[in-house]
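Colleague: There's a structure below that I have some questions on.
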Amino acid sequence: MKNLLSVLRSDEVAADLIQVIETVINASKEIAFRVRQGALAGVLGSTQDENIQGETQKQLDVISNQLLKDLLLACAPVAALASEEEDSVVAANPEGQYLVAFDPLDGSSNIDINGQIGTIFSIYRALDSVPHNSELQFNQQGTQQVCAGYVLYGPSTLLAITTGKGTRCFTLDSTQGTFLLTADNIQITKDTQEFAINMSNSRFWNDDMHCYIGDLILGETGPRQKRYNMRWNAAMVGDVHRVLTRGGIFLYPSDKRNAKQPAKLRLLYEANPMALLIENAGGKAFSEQQRILAIQPKQLHERVAVILGSANEVDECLGYLQAHPTAY
Ligand code: AHG
Ligand code: MN
Ligand code: MN
């Protein structure tokens, strides 16, 4: 079986980018070890603190963020970092050529129940036109990502990654500490009968989203004329991994719960990396108005609606929204 390093080399990924990827992977292996140890490693439970987004931080959010930050700050090709758990940009090496954005621990509500959690990451080239420690460094469209991936801490530890040449999956061989290629050139099925959405928010959705999900639920008796199943992991990494593996549509639409914050998922370190992985596997990834990767970011922690997965099903969903565009 090929290991991650040999695959990156055979794809002719630049040596300094490989160094950045390996650093993220080394941090994630350390996180994986602590996740496996669970209560024995003292990593469960909440802290007394909130992050800039008003979310209570879990111990593992803080530990994972610190591990990634410490290793990446010591990695010479890294110019700056952005993290869900950091208020603003973290300056690294002024001479570095790469930017790394990450969600150190995705699916925080699953930590204490031994459920699926993960780390999501995204790498860009640093801009010469902007100081290396400026937030403006990260105002790049998702199409500019040179690498995106996630590490899923499930029954096995999996890495899904793309550097532009398809989306691949590697499984951590914990006896060797190496990620081995277990799924090459992943292709998401075009059609699906499975959807993922937090149904408890349905009363806050707009009418078009109600109509779309309502038609899925009607199954073979409704206009879609086939029966749909529903799955919800409460961790984007878990849901996106299922979509990559067997198709499906994942939705976190805008809603009316909070007028100041109509969407939940963050563009920089959740939507964009997942969108690149999905598109490079033949799927589609849209906000309600446009392709996620084409969004021009304006703020570090900006949030967007997310609709991604099997191409034909995403098209079907967008058809409902375009029929009655809404102004969220
Ligand atoms: P995080 O734990 O990094 O804050 O992200 C959680 C996100 C995402 O992973 C998941 O899809 C979604 O929040 C779950 O939201 P609900 O609480 O509505 O289920
Ligand atoms: Mn997250
Ligand atoms: Mn998180």
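FYI, residue positions are counted from 1 along the chain as it appears here.
Here the Cβ of each residue, glycine as well, is placed from N, Cα and C on the backbone.
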Colleague: Looking at TrEMBL, which one out of N185, N198, N206 binds substrate in the same site as D106, G107, S108, S109, K264?
Modeller: N198
Colleague: Given that TrEMBL lists D103, D106 as binding Mg(2+) 2, which residue among E270, E279, E288 does it place in the same site?
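Modeller: That Mg(2+) 2 site, as TrEMBL gives it, pairs D103, D106 with E270.
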Colleague: Under a criterion of Cβ-Cβ distance under 8 Å and sequence separation of at least 6, what residues of the same chain contact G107 (substrate binding site)?
Modeller: G115, Q116, I117, G118, N233, A234, A235, M236, V237, G238
Colleague: Could you state, as a whole number of Å, the largest distance between Cα atoms of any two of D106, G107, S108, S109, N198, K264, the listed substrate binders?
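Modeller: Output for substrate binders D106, G107, S108, S109, N198, K264: max Cα distance 16 Å.
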Colleague: How big is the gap, in Å, between the Cα of L105 (Mg(2+) 1 binding site) and that of E270 (Mg(2+) 2 binding site), rounded to a whole number?
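Modeller: That comes out at 11 Å between the alpha carbons.
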Colleague: Among all the protein chains here, how many other CB atoms are within 10 A of the CB of E84 (Mg(2+) 1 binding site)?
Modeller: 26
Colleague: At the Cα level, what's the spacing in Å between E84 (Mg(2+) 1 binding site) and S109 (substrate binding site), rounded?
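Modeller: It is 15 Å, counting Cα to Cα.
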Colleague: Between the Cα atoms of E270 (Mg(2+) 2 binding site) and N198 (substrate binding site), find the distance and write it as a whole number of Å.
Modeller: 17
